[in-house]
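Presented below is the structure to which this report refers.
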Amino acid sequence: MATSGKIKLVTFVTGNPNKLRELNSILLTAGLSDRVVNKDIDLPELQGLPEMVAREKCRLAAERVGGPVLVEDTSLCFNALGGLPGVYIKWFLDALGPDGLPKLLAAFPDKSAEARCVFAYSRGPGQEVKVFAGVCPGSIADKPAGDNRFGWDPIFKPDGFHETFAQMVPEVKNTISHRAKALSLVRDFLVGELE
Ligand SMILES: O=c1[nH]c(=O)c2ncn([C@@H]3O[C@H](COP(=O)(O)OP(=O)(O)OP(=O)(O)O)[C@@H](O)[C@H]3O)c2[nH]1
Ligand SMILES: [Mg+2]
């Protein structure tokens, strides 16, 4: 386990292939994608604020992997609903589907929302956990539009664009998204952390 000096590899613990694909293509441009390997470990997820969920996920991942780990947790927050579904978006999406999510806002004129991503990194079991957050402001479309390649992408329209994430080419989403913003902080950190 690395406790000082530089590290060689980081394990990105996620069971979500879409997160992995986006991380690889965003880190590729920084020449770091071959330094991050994937492990799919089903970790229990604490409920609560996004940063706490990511921190706890990271602590558990470091114990399971026994070395440097990166995890991330994504939230989708509807402003009219006080930030819900938030970290519970996975369960809302599973229950309602992308068609059902906009119906939660049917009674509200305010369709604004935020996609939030929190990465958490630790060098290993018992080591400090560092977090890196990215937020993408936007709004919820009335109905899904675009290729349904990733969960709620078809209903999220980032501010400044007329298309949903699912209607964009990946290169555009990967420049402006919640994940891209958080990963730009992760990338700057990893440059100093990796040998
Ligand atoms: O359309 C989308 N565009 C995105 O950019 C995006 N990022 C995450 N998600 C979905 O939001 C929930 C987060 O839950 P989540 O962070 O716990 O992820 P997960 O359980 O799938 O993977 P992990 O916890 O093993 O990393 C899950 O349903 C993810 O599929 C997204 N959907
Ligand atoms: Mg999860």
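From the backbone N, Cα and C atoms, a Cβ is placed for every residue, glycine too.
Because the structure is a prediction, the values reported are computed rather than measured.
So that you can see what the record holds, here are the features copied from TrEMBL:
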type    : residues                                      : note
BINDING : 14-19, LYS57, 73-74, 150-153, LYS173, 178-179 : ITP binding site
BINDING : GLU45, ASP73                                  : Mg(2+) binding site
Cβ atoms near LYS57 (ITP binding site) (within 10 Å, other residues, all chains): 24
Distance from GLU45 (Mg(2+) binding site) back to ASP153 (ITP binding site), taken between C-alpha atoms, in Å: 22
Candidate with the highest Cβ count within 10 Å, taken from the binding-site residues GLU45, ASP73: ASP73
Which of THR14, ASN18, THR74, the listed binding-site residues, has fewest other Cβ atoms within 10 Å: ASN18
For HIS178 (ITP binding site), nearby residues of its own chain (Cβ under 8 Å, 6 or more apart in sequence): THR74, GLU114, ALA115, ARG116, CYS117, GLY134, VAL135, CYS136
Rounded to the nearest Å - Cα separation of GLU45 (Mg(2+) binding site) and ASN16 (ITP binding site): 14
